[in-house]
Amino acid sequence: MEHNLYIAALSVVVAIIYSFVALDFARRSNRKTKSSRQLWLFSASITLGIGLWGMHFVAMMSVFLSLTSHHYLPDLLLCMLLSIGGANVAFYFAKRNLLVSAMIMGTSIIGLHYFGMMAIFPASAIHYDPVVYSLAASFAYLFSGLALYRYFKSDRPSFLSHFISSLLMAAAIAGLHYIAVKAMMMKSQHLFFMSQDPSMGSLAIIATAIVAVATLFISLLYMVGKWSDQQLKLKSALLKESNQQNHSLIELNPDGVYIINKDRKLTVVNHSLEKLTGYASEELIGRPYTFLLAHADPDQLESLFQRTLGGESLQAETRILKKDGSVFDVEMTNIPYCVDNEIRGIVGTLKDLTVVQKIRESEKLAVVGEMAAGVAHEIRNPLTTLKGFTQTMMNAPSSPEMKTYLTIMLDEIESINLITNEFIVLAKPHMTITKAIDVVPLIKQVTKHLNSRANLNNIMIHSKFLIESGRINGEENQIRKMLVNLLINAIESMPEGGNVTLTATTGDHRNLLLYIKDEGVGMSSAELQQLGRPFYTTKENGKGLGLMVSQKIIKNHHGSLRFKSTPGEGTTAEISLPALEEKIKEDDTPLIS
């Protein structure tokens, strides 16, 4: 018996179209969300299952068989469900084990044909040529396996690869059917003549209508898939842009940025935080965030942590411990971060307050300077008058008791004058006459001058010179004032007596280094941070100006002043000043400092 070639061609078209769309849907089943994966896997199974069934249904029309009898339809629908189930299992294994997937797909194609024929003819009447049927089965396994391998070996197959895979799958479906029908006709040709139904009318028109409706249905599904792809691409683009924005906010942020999980461990740090703390990201990630915080109250930290996890955004000033052991102030901001409306951890920033503190100090110094200028101007003139009259009275005949009082008055006036001079140093830049001076003899003069005061307090001043000379470019009176202030601070820090050691040596880059070490009460790290601030003093009767004056003198000479202290063990002041080379011409050029 001959086939109707038009209807046979339509059956192949059905196989190609449904295979193309089913493979496309199967590729989408690797989406991230479980619901999306299940939806697209089910869509692919439905599409290919209906395609297998539809191809078989239309192909049987090509041999002029009537399939409209009521007792055939339930069996045919059962065949369609079996083909859908087989396609579902085959696509499920496509990304896991292609060989298993190919075996299941080939078996589904063979099974559909076999049970489809049993739904039409009595099982006892169906006979196949074994050789030809084996060839048909080989077609089903080989070409379905090639189609799945070619399509799923790439995450993003091209349109050409997609189309070729569809042709291979259609070859497996149509090849199995027509070769198996040939094997059946060779042994059971009488069945085909028995099943002819002249009342069917124009089978070509019916087959065309079936293909048209099926194609419309599958086209709608395909358009839905493409729309889904466009939406996914749009979401991916927005997600990529959002990720890039987040990356920029974190990595390009000048402040230190970190993320803490609920276990209080750092999970993300940016480059600014690495620079800020001195630690590499590998040294920070996975460690508790608290190890960076210096001298923090554990209970207070836990309270802040829990409040942030509770949804509050908090800001506080704290202190950070760098890798080199130094400590500095930062402004810490913590905000909760959420995923799917659930708080998963904390995003925080650390802002270095060094610059801010310098600005604050500058503002304070500006206020002190304005005040100092006014005080110095208002006090110095009457002070000069008082001193002049007191000296005149000293020269006039008077009783010894009066001379004692006048001497005390002159000493107090001189003390006020010294304070006024300190105000003047702080008030504004002044003309400094610098020249090459040797600090070594200057140190000897200052220590000799202060020895009597030290001895009264049971204190010994020791000088150690690891250099023959310490030549710098500076103003002698200011350097003397700086040394006196620092040595007096050391003496006053030892109410029970002790030793003050002044060491002169050289450091890196030919700097002159002076160390003034006492055995006093020492200072805490919090007190060290306050040193040099206007009117800050640890002494009961201190003015809080001597150290400020010393710092400004050292700064005017392009040097630096640092303190190291341990409570109960004393304090060491380290002064660094630029040293002169041995053969240098004295420079008497006035400088503004």
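A Cβ is built for glycine as well, from the same backbone N, Cα and C atoms used for every other residue.
Straight from TrEMBL, the features:
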type	residues	note
DOMAIN	3-187	domain 'MHYT'
TRANSMEM	6-27	transmembrane segment
TRANSMEM	39-65	transmembrane segment
TRANSMEM	71-91	transmembrane segment
TRANSMEM	98-125	transmembrane segment
TRANSMEM	131-152	transmembrane segment
TRANSMEM	159-180	transmembrane segment
TRANSMEM	200-225	transmembrane segment
DOMAIN	242-312	domain 'PAS'
DOMAIN	314-365	domain 'PAC'
DOMAIN	374-581	domain 'Histidine kinase'
Positions on the same chain near the transmembrane segment (131-152), where near means CB under 8 A and six or more residues out: 19, 23, 26-27, 90, 94-95, 98-99, 101-103, 105-106, 109-110, 161-162, 164-166, 168-169, 171-173, 175-177, 179-180, 182-184, 186
Mean of pLDDT values spanning the domain 'PAC' (314-365): 82
Outside the transmembrane segment (159-180), six or more residues from its ends: residues with CB under 8 Å to it: 3, 8, 11-12, 15-16, 19-20, 22-24, 51-52, 55-56, 59, 105-106, 109-110, 113, 128, 132-133, 135-137, 139-144, 146-148, 150-151
Helix-strand-coil residue split for the domain 'PAS' (242-312), DSSP-based: 37 helix, 13 strand, 21 coil
